[in-house]
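S.K.: Got a structure here, written out as structure tokens. Questions coming.
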Amino acid sequence: MSSIRLPPPVVIPESQSTVDVYIIDTTSYMSMVPASSFVEPLVSGFETLNAGSYAFLIEHTSSKPSKHDTMVFDLGVRKDWEHLPDTFVAAVKEEGWSIDVQTDVASILRDNGQDLKSVGAIIWSHWHFDHVGDPQTFPSSTDLIVGPGFKQGVMPGWPTAKDSHVNETAWQGRKLIEIDFSGEAALDIGRFQAYDFYGDGSFYLLNSPGHAVGHMSALARTTADPPSFMLLGGDIAHHCGEFRPSPYTPLPNMITPNPLSNTLLACPGRLFLSIHPWKDPERPFFDPTVGPGWHDEGVLAKDSIDKLIEADAYDNIFPVVAHDMTLVGTVDLYPNKANNWMSRGWKEDTRWGFCGDFTPLDEEMVARNGQVEVLEGHHEVRDSAQDPKVTSIVHMESTDVDKKAKLHDPSFV
């Protein structure tokens, strides 16, 4: 048994306050998008990005109700996407992308009995077309919340700025709020700059720059005892292969559930190690593209991903990035709540699902070895080397399939 490096402590203030989180399938679907615009180097089987987009409904309850107790994080692609700015629509058609949108988030909420007047704010993780939707489908009383630098770096929008990719109608006639990560509500969570949105530790916005000006993620406390958190990633990563495997979450010798088949129990991790660009079981498959592509600053995007890697090392933090379609079939989608994700094992069941996007060099090995009963790479509780008071979850090689992660100390994760 060889130990794996312990992750740095990710300290989150203790709180008994939570928010209800709902993962919304926005019905947006994009295909034929070159993966090289987002990640490098390419891995066999993942040459194009074909993905949907998630939004989130956030509901907060407290003794002092506020306008923002009900919010939506991201909106996916607007249904009438050809009404996006002319320069963007022309570029999409020239590149040969395919975009399909069945409905919009406002309609999804309304069809499930949600009064849109109760939605106090829309939070944009960032201003790209597959996240901004159409805020005009919400009442003008719904505020629009954006990340730092938005007003200076993105405004004015189209059509005032003819080359803009953002419709300025999104914020016209409604309150536009830009988050300040240096203000009174600011703190650090791990290496993220954070903003305690409600002031009670239930919902934090995270500064995660690099992909776009003002990019933000969020950390929602989904249960208080034991503490669990869902990290709403936005586009902090476009594929889970950008933050897995890692020194804290290495590629296991046997992967279960099998990402290549629903009929075999597991498959050997070496199938994917064979196509790993660096043949390193402790390094992510991808880096964000640094050259021409969709990232505003690729180096800064990599720094945000490195912070995500540290958070992902903890089993009570569940990153949900906007385009991770491998979650479908495991997680509950709106109108069902997602707060019980940890007790239901969603992270464990989906951790390596992204490997199913790849084409191993020798898939016949799956049939020969896919039903091996010894599963390695389960979790074990160890004290942090940096601070013995901090309980860390680390990955250990083990033949004990019943060994599970114990619960975290309520003050730390």
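The backbone N, Cα and C atoms fix where each Cβ goes, glycine too.
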S.K.: Given that Swiss-Prot annotates Asp130, His131, His323 as binding Zn(2+) 2, state which candidate in Asp20, Asp25, Asp225, Asp235 belongs to that site as well.
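M.R.: As annotated by Swiss-Prot, Asp130, His131, His323 share the Zn(2+) 2 site with Asp235, chosen from Asp20, Asp25, Asp225, Asp235.
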S.K.: Note the Cβ centroid of His126, His128, His211, Asp235, the recorded Zn(2+) 1 site, then list each other residue of that chain whose Cβ lies within 8 Å of it, in sequence.
M.R.: Ser125, Trp127, His131, Ala212, His215, Gly234, Trp294
S.K.: At the level of the C-alpha atoms, what whole-angstrom distance separates His131 (Zn(2+) 2 binding site) and Asp235 (Zn(2+) 1 binding site)?
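M.R.: Taking the Cα atoms only, His131 (Zn(2+) 2 binding site) lies 9 Å from Asp235 (Zn(2+) 1 binding site).
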S.K.: 10 Å Cβ neighbour count around Asp235 (Zn(2+) 1 binding site)?
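M.R.: Asp235 (Zn(2+) 1 binding site): 27 neighbouring Cβ atoms within 10 Å.
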